[in-house]
Amino acid sequence: MITQRPKGTQDWYGSNMHKRTIIEGIARKLCKVYNIKEVITPAFEHTILFQRGVGETTDVVQKEMYTFDDKGNRSITLKPEGTAGTARCYLENGLFAESQPTKLFYFTQAFRYENPQSGRLRQHHQFGIEFFGSASPLAEVELISLLTEFMKELGMKGAKLHINSIGCSNCRKTYNEALLDYLKAHEGELCPTCRERMLKNPLRVIDCKVPSCKVIVKDAPRTVEYLDEECKNHFEELKRLLTELSISFEVDTGIVRGLDYYTKTVFEFVNAEGFTLCGGGRYDNLIHEIDEKQNIPAVGFGFGIERIINELAAEGVELEPEPAVDLYVGILGQEAKASAFMLVQKLRAAGVIVETDYMDRSVKAQMKYANKIGAKHTVIIGADELANNRANVKNMETGEQVEVTLDKIADLFVS
Ligand code: HAM
């Protein structure tokens, strides 16, 4: 038990850790040119934030949150997603009072008590962006363009953009009536949770994961048929902009998303198996829901880092490998140790990736080790090399050796 991590969690090390670093690097580079600033919010928040923001009738709040009372008897929840905390941060720190829009990105862990089948972790990680202050469909377009660029740079080809509009609270009134009528006619076939939630929030039944509910939902009325003029125009404008920008998309009227804060646009990037890699949308009411003095539109997305890694593997995409060790500095004799280590430090300061001996191995064992770790070159530093200020640098692939003065070794690697 002590040596076993909790179910649904993952350790990050080795090649996965390296991939994550590359993914985050590409995301950061893009956010920089889109002028999107990084934000880090706490790993836990007051439970009420998620109950209000994400929604009482969602699966996330009803079934999946890690909630506990802290020692001061406050109800605390480990964040199940990144939007509510970022919106709270935007409000609490008065970011809305600065020139708008406010564009924030984050890398966050998220905790959901889910069934850890493939692709569903209890702690997962997201690259997310939240764009506050713009009601224009161009905000959606900006995020979708960034995502398109992001996937292109990663070499991911299999994700297709699906969009839908679920309207605003005004459209929801007429839609909910129609949906409730339909669901009531099939009440007996719905799961117990849906039988209850259809009265409070029928839209949640649409994305219930229970198979019998999925069957009923297939023929349920669609939100797009109930959009008011403003929401219809917003959706048309979004589609027009995407078309003009040659960003291909498919309208999928089945997408409603699993969190309550969405209004108007919802979108997902879905892989060839129909698995959602990234999800997002507009949430024009969330800010008001958290702070009733404010009324600020917003849009955002979350992209699961683990899903990116899995998708790249499934598509056979290799990310740039970890850089190899440029030079292994072997140490010959105790008396050479300090000077050899000083040389190692000088080379590192010059930007050369250097490894050396910390195990007091024989020179033969050191060379074996250098070979094992894939060092591209080796050099042995002993009393003679130090006295003559010269050493032989060996290319491990060709076996070729060059003799150089110690202060010129770095020049072989960095120009
Ligand atoms: P979400 O669709 O719940 O949306 O999650 C976003 C992404 O996080 C998913 O598309 C998936 O890649 C990843 N993800 C979610 N749950 C898991 C899990 N259990 N295991 C592994 N990966 C997972 C949100 O969280 C919203 N906050 C997105 C958003 C931001 N909407 C507006 N702004």
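Glycine too: its Cβ is placed from the backbone N, Cα and C atoms.
TrEMBL annotations: computationally assigned, not manually curated.
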Additional site residue, ARG74, ARG112, ARG120 [criterion: listed by TrEMBL with GLU81, GLY82, THR83, GLN126, GLU130, ARG257, TYR261, TYR262 for L-histidine]:
ARG112
Using the residues the record lists for L-histidine (GLU81, GLY82, THR83, ARG112, GLN126, GLU130, ARG257, TYR261, TYR262), what whole-number Å value is the largest Cα to Cα distance?
20
Chain-internal residues, separated by at least six, CB under 8 A from TYR262 (L-histidine binding site):
ILE166, VAL256, GLY281, ARG282, TYR283
Three-state secondary structure of GLN126 (L-histidine binding site) from DSSP?
strand
